[in-house]
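Undergrad: As listed in TrEMBL for this protein:
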DOMAIN    210-376  domain 'Helicase ATP-binding'
BINDING   C437, C440, C477, C480  Zn(2+) 1 binding site
BINDING   C446, C449, C464, C467  Zn(2+) 2 binding site
Amino acid sequence: MPDPGFFPAGHRIAVLTTEPVGMLDYLAPEGGVATGQLVICPLGPRRIIGAVWGEGLGGFDAAKLRPVQRRIDAEPLPPDFLEFLARAAEYTLTPMPLMLRMATRAPDLDKPPAARRVITPSGDPPTRMTEARARVMQVIADHAGAGFAPSELAQLAGVGTSVVKGLVAAGTLAEMAAPRDLPYPRLDPSLPGKPLAVDQQTAADHLRGAIRAGRYGTTLLRGVTGSGKTEVYLEAVAECLAKGRQALVLLPEIALSAEFLDRVEARFGAQPGEWHSGITRTERRRLWHMAGRGEVGLVVGARSALFLPFRDLGLIVVDEEHDNSYKQEDVVFYSARDMAVLRASMSEAQVVLASATPSLESWVNAAQGKYQRLDLRSRYGEAELPDMAAIDLRAENLPGSRWISPSLVRAVQARLAKGEQSLLFLNRRGYAPVTVCRACGQQAGCDQCDARMVEHRFQNRLVCHQCGETKPVPTTCPECGVADRMAPVGPGVERLAEEVAACFPDAKATVLSSDLFHSARALKETIAEIAHGDTDIIIGTQLVAKGHNFPRLTLVGVIDADLGLQGADMRAAERSFQLMRQVAGRAGRQPGDAPGQALLQTHQPDHPVIRAILSGEDESFWDAEASGRQAAGMPPYGRLAGIILSHPDPSVVADFAQMLSRHAGPLHEVGAELWGPAPAPIARIRGRHRIRMLIRAARQAPIQSAIADWLAPHKPPTNLRLSVDIDPQSFY
Ligand code: ADP
Ligand code: ZN
């Protein structure tokens, strides 16, 4: 843990660097430094970023110590934040330097402000310009006042940097030293919220009280989509802001819509800070600094916003807390939901986990009293849940390459007649999941992965969903050489779109699938168009399940409700349940009309998951899931960790895995079991052969230190990658 203090010039200090070497001793620079101060340090001939951690560790010649080169112009990272990074590193078995790197990923941190150059308008633009120049000027006009770096501006305009330089030379634009960042407009927590319904008021009162008390606590806020959860947690935000503390609302990336930001503005009179992959480097930098100075009251962001250096964080909301996108499975493996709880507990802050379909983990934590649970029992106002029914595909006589049953066709036609929208949900991107040669039976596969390639007809390519590799759709089978027998098998959303066009020739259909949008902005525009009513039939993957509000949507048809039910993953049932519930919840009621309707096409209408969705008996579903997990000693009753090893040479990775499994003493000492090594479910990705091991232990077992002790003595062969995933969400 860091040790807080101030260290005068020349004092021996420990600096946590962002390099693999980790902690190094330096001498404090001129003027001294405080714990948490970000600094630039010499390392050999290089200059690296570090954070002052405390007293020097000692252990080598003081005469050889080098002084810190200079302070970075930023607030010191607060002590509770440093502590959070240390605990998160310990929990996820991530090296501290990587953690710090993640927390300092604001662009240009190491550049003094005077060295940052930004472009501003200067003088009147000429009336005639080349198209490229006009594009640059348009970006400037669209982002009034934002000072972009030349390269960033060029990138936003989709032109070369020379175009920007040309405009500077012509005097239309000027390049100058970046001014200090402006604070965000203050949100006003005293503005009145909407008058709340009884359940909402009870929940809001509880949260306000908890925030006033200024202690850590977690609340699971449960209620179907539209029950008014957002309205409730905005009350918690108001209380937090009124106390002068900062608040963070995490949303799944895709739910970060202009609609949400406008809602915040309507409530508090100004827009919050935004943090996600769609914001510019300039905004990213500004928000990072303002969070540290306490000059942004509310941040709305994707999972990585949790690693912003808030000066005084009093509330974290995790909306759609069950959502998979909160789990990062890359470089640092973490669950933003769990890390939110950890962070709040370091900072005497409150956590609100909001969901219509909570994760089993949160459900159990609430049942065991670790979390408080608040339920909003009905949709706000008189709206109800949609009517749910199964369409038994066994009785519908669908021909081989049709997926919309006659019953579903009739239901869609009824909406078309009334000018309402329908959503057809199929969680499969592309045209067809499999392309097979009818002569030899060979399926088109990826050269680099053990995965089938998926036809994407809009691009006219086969695409590997593992590595992104593409190739033309072959006309001749690469295996047997027979021509013109390659055929698509099974439906994807693009193929479904063809069927929709054939069944409803006069309807306007829109496909919503992540691969069809080149930018977050393009996707948002399409979603806004749909919300506006510009389409009759939406055909979508799980992209549509999340948080969008389509007011004219009254019918949801799930094309293949059986899709997620199979599979070895212990979370298959939970996931399927959450996803279908979420999708079905998109169907609303028109004023004065009957409730919306959700129809599930299935071959197994008696499957427990399908029955739970249809009956609306969530509690018994979760209880059954929970007791199944308990009996098996699986999370959240037991603990799991996943180990993935990969290497281009299959024997290298297999040998190393075997060796590890023979030396699993430290795991057995804490009562943990080691399963595997076994080929990972996708046994090869990008040419790397993958082997998986799973570790299962009792809930209280010190699994992290056991894994660390187990792995430490064994140096992996060159180019072998080993990742540890504590609490894995999937069994990749
Ligand atoms: P959830 O977050 O549970 O999906 P929301 O908070 O988004 O629900 O509420 C659904 C809709 O109902 C929104 O349009 C919201 O503005 C409206 N609403 C919720 N609570 C109230 C209230 N107390 N008064 C007026 N409108 C409300
Ligand atoms: Zn591939």
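Placement of Cβ uses the backbone N, Cα and C atoms for every residue, glycine included.
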Undergrad: Three states by DSSP: which one describes C464 (Zn(2+) 2 binding site)?
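TA: Note: C464 (Zn(2+) 2 binding site) is in a strand by DSSP.
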Undergrad: What does the structure give for the C-alpha distance between C477 (Zn(2+) 1 binding site) and C464 (Zn(2+) 2 binding site)? Integer Å is fine.
TA: 17
Undergrad: What mean pLDDT does the predicted model reach across the domain 'Helicase ATP-binding' (210-376)?
TA: 92
Undergrad: Among all chains shown, work out which of the binding-site residues C437, C446, C464, C467, C480 has the most CB atoms within 10 A of its CB.
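TA: Of the binding-site residues C437, C446, C464, C467, C480, the highest Cβ count within 10 Å belongs to C446.
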Undergrad: Other than C446, C449, C464, C467 themselves, what residues in this chain have Cβ atoms within 8 Å of the centroid of the Zn(2+) 2 site's Cβ atoms?
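TA: Near the Zn(2+) 2 site, the remaining chain residues are D447, Q448, A451, M453, H465, Q466, G468, E469, I685, R686.
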Undergrad: Spatially speaking, which of the binding-site residues C446, C464, C467 is closest to C480 (Zn(2+) 1 binding site)? Use C-alpha to C-alpha, please.
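TA: Result for C480 (Zn(2+) 1 binding site): the nearest of the binding-site residues is C446.
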Undergrad: Given the binding-site residues C440, C446, C449, return the subset with CB under 6 A from an atom of ligand 2, ordered by sequence, or none if empty.
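TA: Cβ < 6 Å from ligand 2, in sequence order: C446, C449.
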Undergrad: Around the recorded Zn(2+) 1 site, report the further residues of that chain (criterion: Cβ within 8 Å of the mean position of the Cβ atoms of C437, C440, C477, C480; site residues excluded), sequence-ordered.
TA: R438, A439, G441, Q442, P478, E479, G481, V482, R485, M486
Undergrad: Who sits close to C440 (Zn(2+) 1 binding site): which same-chain residues at least 6 apart have their Cβ under 8 Å from its Cβ?
TA: C477, E479, C480, V482
Undergrad: Would you mind checking how many other C-beta atoms are within 10 angstroms of the C-beta on C477 (Zn(2+) 1 binding site)?
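TA: The Cβ of C477 (Zn(2+) 1 binding site) has 21 Cβ neighbours within 10 Å.
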Undergrad: List the Cα distance (Å, whole number) between C437 (Zn(2+) 1 binding site) and C446 (Zn(2+) 2 binding site).
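TA: Between the Cα atoms of C437 (Zn(2+) 1 binding site) and C446 (Zn(2+) 2 binding site), the distance comes to 15 Å.
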Undergrad: For C449 (Zn(2+) 2 binding site), which residues in the same chain are close in space, meaning a Cβ under 8 Å from its Cβ, but six or more apart along the sequence?
TA: C464, Q466, C467, E469, I682, R684, I685, R686
